[in-house]
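Colleague: According to Swiss-Prot, the domain 'USP' annotation covers 78-421. For Cys87, the entry in Swiss-Prot reads active site, nucleophile. Taken from Swiss-Prot, the feature active site, proton acceptor applies to His380.
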Amino acid sequence: MCKDYVYDIDIEQIAKEEQGEALKLQASTSTEVSQQQCSVPGLGEKYPTWETTKPELELLGHNPRRRRIASSFTIGLRGLINLGNTCFMNCIVQALTHTPILRDFFLSDRHRCEMPSPELCLVCEMSSLFRELYSGNPSPHVPYKLLHLVWIHARHLAGYRQQDAHEFLIAALDVLHRHCKGDDVGKVASNPNHCNCIIDQIFTGGLQSDVTCQACHGVSTTIDPCWDISLDLPGSCTSFWPMSPGRESSLNGESHIPGITTLTDCLRRFTRPEHLGSSAKIKCGSCQSYQESTKQLTMKKLPVVACFHFKRFEHSAKQRRKITTYISFPLELDMTPFMASSKETRVNGQLQLPTNSANNENKYSLFAVVNHQGTLESGHYTSFIRHHRDQWFKCDDAVITKASIKDVLDSEGYLLFYHKQVLEPEPEKVKEMTPQAY
């Protein structure tokens, strides 16, 4: 058995019938059901404890064998119809519906809609979408309701012109985050500046910014929430460092061949100290004078799902172009070197390099990749998703085909989605999942 959560449409129907009978008995004393405003029948309702009836016990007695999930298991693999330049939306939907903990949240009916007009709730529509994609229906799904709600809540994405998949991802997470209020009732967020909805629990990380005064070495620290990390590429207008010569080793599928830039290289650049220069002097809170300073970004808190965005589309005063530089990325990623606790520090004036000991809590596994083919003016989005633990599939709108790991790692890469291998057991947080579960 794969030890994953199971969604069974027959059991779901039995649960609805039992729940209906229970509600009739509780109608005079309970007000719980009347508070539910979700427009989808059976969605977001609180099920009572299932007590088996005599016929059900007889059926269970006649069917004692457990079902074993076959390697050809295809539930969840369903194409999406392109409604007119909507590949940017389809590829993100495939990545989100194959995000393990988000999938389990929606398929377990955890959403409690509190919007005055539930038909405008994007979370309700995503719940319906998850149910459609995991229904076992092999025919492509038409996500017209989702597109309509996106146009309503993110008007800058309205219309049939080409859009950016990364921009859609951030807009979708923002709307889902706003519509999730009510799902975290009674829970206390670990950070008072954040809510504790499923979007924050899965996607929100903490980005630490340290500004160091060059005169007194005083440090000003701020921590901001983030849903993704955008990374500069070689060949862009921003400066990039040359590759270190002689690095020819390979780690978990990430190439280190001279001349090839890796995801790790991009993360090193993202977290290296940056001199702000004389034109950007700031008033130091320690010495109370305007001084030059350095700025360094590191991760204070890692999200459950880490999304990396390569800045392939460059818009400057001189030109608009797409950067096609190949970036090697691994199947497994260790974020320990890029944590605030691992950054370079000075002790008695001497630079101390971090000791990057293995930390399983900071290790991630790749589960989705979004790619863009074509030019800045005319292109097409597709995605690779991991399914049934170690199988990969290419999602090209309505067409889904089997893919190899080599196909995935050789792809250009625009958005990379990594899932934590080990989840820290925290109260009222998302359930712990073993790596085998996704």
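Cβ coordinates are placed from backbone N, Cα and C, and glycine is handled just like the others.
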Colleague: Within 10 Å of the Cβ of His380 (active site, proton acceptor), how many other Cβ atoms can you find? Include all protein chains, please.
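Modeller: That number is 16.
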Colleague: To the nearest whole angstrom, state the Cα distance for the pair the residue listed as 'active site, nucleophile' and the residue listed as 'active site, proton acceptor'.
Modeller: 7
Colleague: Reduce the DSSP letter at the residue listed as 'active site, nucleophile' to three states and note it down.
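Modeller: Reduced to three states, the DSSP call for the residue listed as 'active site, nucleophile' is helix.
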Colleague: Tell me the coarse DSSP state (helix, strand, coil) of the residue listed as 'active site, proton acceptor'.
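Modeller: Note: the residue listed as 'active site, proton acceptor' is in a strand by DSSP.
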Colleague: Could you tally the C-beta atoms, other than its own, that fall within 10 angstroms of the C-beta of the residue listed as 'active site, nucleophile'?
Modeller: 24
